[in-house]
Structures are given as structure tokens and as C-alpha cells.
């Protein structure tokens, strides 16, 4: 089927990509609606999980039907280097998770969902990440990239078009009760995230990297409801405002530009032609330098708990650099040490703050301490 579709005009291929995405959304809402109607389940994450499992059959089936099943088997540049390529998103996920923990501590609320509820939440986030990445990157992006010319312009066109479709796919959340303004903001954010995920996938050649990172992005962003039971998924999405765009647009746009700079687009083109890209020692040195900076930032910001993301990405980079240039790579060694120190400091501070925040937010406890 893939070969027949690729023989069609570009406009027809784009329409097919839209139809594949639309069917995914229709099935999602159909399964969710039927389950909600036939059962007494009220938990939004349980309903979402059932719907996600249902559409996973469609997503995987469509992947095989379109002939892109190998995308689940290929590891490309490997998991270690793949996660370093997606390092910005790895660090972002850690930052969001830590911020959610701190906000929960400050709120003074000690409510936590049941163990079963948390497991359902985790599974839901995994299936959301898997289904969306299989459809959008595994099928739609690959389809567009195969149909368009294998040039910098063709690759960029495939990335942008598939990402716009990915963003638009979030607008139907209004059917779940999300305000239109919040749904549009989420769609714009998702479009930029789509570009990031597409860049990570095409540069790493590993769809699982995107699936895992995507799942963690959703996990961190919805922790307040999924872990601590503060509202539900609709409430979290409905809370999005213009302020979110002011922060996230430049935040996501910069790594998009970095990941898709001219030299890296050329590498993507070469990889799609079957060439194996072997990193040079110079690149290993550059990675070591970046990792050292991240390690230092991890130590500095670790004292307020936010250094974990810097430290983790610095650690990934230092190990990658060591593999590329195993000899005479002192910068990578120092980066490795500083990144580990940053991670340790951040872990200690997060633990301390988690215990201190509830005490500091309790005025009666503070008064009793001051009166002693």
C-alpha cells in the first residue's frame, strides 16, 4: 500500500495523512464514549486508558498496513545518544516534574491518588505517548518524508506539515469540555512539540526515544491531577492561558532551531539515504564542552532543586563523548563528575524541600517553633 500511496500527488498524500490522524481521533472519542455510556466508570484516566488501548490496535495495525513497522525495531544511533539528542526534552521533563512536586508541597495538600489510580495514570501516559508517536511520527512524518524530496527543504516540509496536523489534532479537546481558547493554545504548543519530536526522531532514527519522552512530557504536565488528584485531565488542559504561550513558544522554538540547523538537516538527508553517520572526535569534544557547562549549571541550580535536569543531560552527554573519543578526553571526565555532583545535590535538595515545604506553609507549626 505504501508504494501505491507514494506514487500519488503530494496533495493526495497530505490528505491521506490527515485522514489517518482524523480516524485516530474519531476512534479515540468513539471508544471513550461507548465505555463511558456502558459502564459506571467516572475516572477520566481510566476512561482514557481504555480508549488508548483500543486505538493502539488501530495505530499498530495502520503502522503495519503502511509498511512502517520497522520503525519500532530500529534503534538508529542508539538509546544513549538518542536521549542526548533529545536532551532538551529530557531536561524539560525533569524540570516540570520537580516543579509539580514543589507546588504540591507548597499547597499544603497531602492528597495522593491510590496506588491503583497512579498505575492507571502511568499506563495512560505511556499509551498516549506511544499511540501519538506511532501515528504522527511513525506513519504521517515518514509518509511525508518519503513522498517529498530528500533534501533540506523536503525534510523541513515533512516536519512542519506533520507537526501542524499534530497540533490541530488537539483542538477537538473542546468536545471534552476544554475551553476553545485553551484548546487553541494547546494546539500551538503541540505544533512546536511536534517539530521537536520530529527532529529528535529523524536525527536519532529511534521512535522509542520519542515515545518515552512524549510519555514523560504528559506525565510531568498532568502530575497534579494524575498523582495528587487535583482535578482531572480536562481541568489541567483547561487551565492553559496566553501566559503559557509566552513562556513555551521561545522555550520550544530555540531547541527546534538548534536541532534542525543546516548541518544537521544534511545529516538527516544522508541518514535517509542509508548512510551511517559516524561522529567525529571534534563533535565528541563539542559534546564534552556542552556537558561540562550542563554539569556546572546542575551544581549551581541543584541547590534549589532544579539541577536534576541539567545534571542528567550533562551525564548523558559526557558518556556519549567518552564513547566517541575514549582517549585524551579530560573535559568529558570533568563533565561526568560535575554532572553526577549536580544530580546528587539536586536529589538531596528535592528531598529536603519536600519535607520542609509542608512545615513552612503551616503557620501554626511556624508559630509554635518561634515561641519555643
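Even glycines carry a Cβ here, placed using N, Cα and C.
Small disclaimer: the values here were computed from a predicted structure and weren't measured.
Of the candidate ranges 12-39, 264-291, TrEMBL annotates residues 12-39 with the feature transmembrane segment.
Using the rule of three or more Cβ pairs under 8 Å, pairs at least 6 apart in sequence, the transmembrane segment (12-39) is not in contact with the transmembrane segment (183-202). The domain 'CAAX prenyl protease 2/Lysostaphin resistance protein A-like' (118-219): residue composition by secondary structure is 91 helix, 0 strand, 11 coil, according to DSSP. Note on the transmembrane segment (154-171): residues 14, 17-18, 21, 24-25, 132, 136-137, 140-141, 144-145, 147-148, 183-184, 186-195, 198-199, 202, 260, 265, 268-269, 272 of its chain, located 6 or more positions outside it, place their CB under 8 angstroms from a CB of the stretch. Listed by sequence, the residues of this chain that lie at least six past the ends of the transmembrane segment (183-202) yet keep a Cβ under 8 A from its Cβ atoms are 82, 85-86, 88-89, 133, 136-137, 141, 145, 155, 158-160, 162-164, 166-174, 209-210, 213-214, 217, 237, 240-242, 244-245, 248-249, 252-253, 255-256, 259-260, 268, 271-272. Two recorded stretches are said to be in contact when at least 3 C-beta pairs lie under 8 angstroms, sequence spacing 6 or more; the transmembrane segment (115-134) and the transmembrane segment (207-228) meet this definition.
In this chain, the transmembrane segment (331-360) lies in contact with the transmembrane segment (292-319); the count of Cβ pairs under 8 Å, excluding pairs fewer than 6 apart in sequence, is at least 3. Segment contact is absent for the transmembrane segment (240-260) and the transmembrane segment (45-66), given fewer than three CB pairs below 8 angstroms at sequence separation of 6 or more.
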